[in-house]
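K.L.:
One structure coming up, written as C-alpha cells, with questions to follow.
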Amino acid sequence: MLELDLQVASVRPLPAEDDFRRWCELALRQRSADSELTIRLVDEEEGRELNRTWRHKDYPTNVLSFPAEVPEGLLDIPLLGDLVICVPVVEREAAEQDKAADAHWAHLVIHGCLHLLGYDHIEDAEAEEMESLERDLLAELGYPDPYDGDDLPEPGTMSEGR
C-alpha cells in the first residue's frame, strides 16, 4: 500500500490525485513493502530556492528527489522520501518538447520515484537502466518514449527557463 501525501503549493491546473497515485504505484510496484511518499507541487520561486539550496543551481528544475534517511524499523510504514515538482517547469517543458502534458507529468513522477528507489543516471550504464525502466513503465500507461529525441533535457537537468 502506498501512503501518498500530495502537497499543493501552486495555483496552476494539475493532474488529479488519482493520477499521481497511479504513476507512483506503477514506479514502486517492485517494492513489496508498504511505502510512504510526499509529493510537493510548487511554483518557480520555491522550486528555484530548493534547487539552489540542495543542488547549488540557481534555477527551478522539473523534479527534485529527496530520499529519506530513516533508520529501518523506526516507522510503521517505510518512508521513501519526498519529490518536489515545479509545475511551471513541467508545463513549459511539455509545450517546448511537443509532449502531452499528462505523459510528461507521468514521466517526471515515475523518474522521481525511481530516484527514491536508488536509481540514478550519472553514469551511462545507470542512465540506460533507468531510462529503459521509465520507457517500459510509460509504455504500460500508453505513453510514448520520453527520450525519443536526443536534444531533450533529462529530468532534473532543465536549464534556466526561457
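Backbone N, Cα and C define each Cβ position, glycine as well.
Here the structure is a predicted model, which means the values were calculated and not measured.
Swiss-Prot feature annotations, pasted as is:
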type    : residues               : note
BINDING : His111, His115, His121 : Zn(2+) binding site
REGION  : 141-162                : region 'Disordered'
K.L.:
Where's the emptiest Cβ shell within 10 Å among the binding-site residues His111, His115, His121?
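P.N.:
Relative to the other binding-site residues in His111, His115, His121, His121 has the fewest Cβ atoms within 10 Å.
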K.L.:
According to DSSP, does His115 (Zn(2+) binding site) fall in a helix, a strand, or coil?
P.N.:
helix
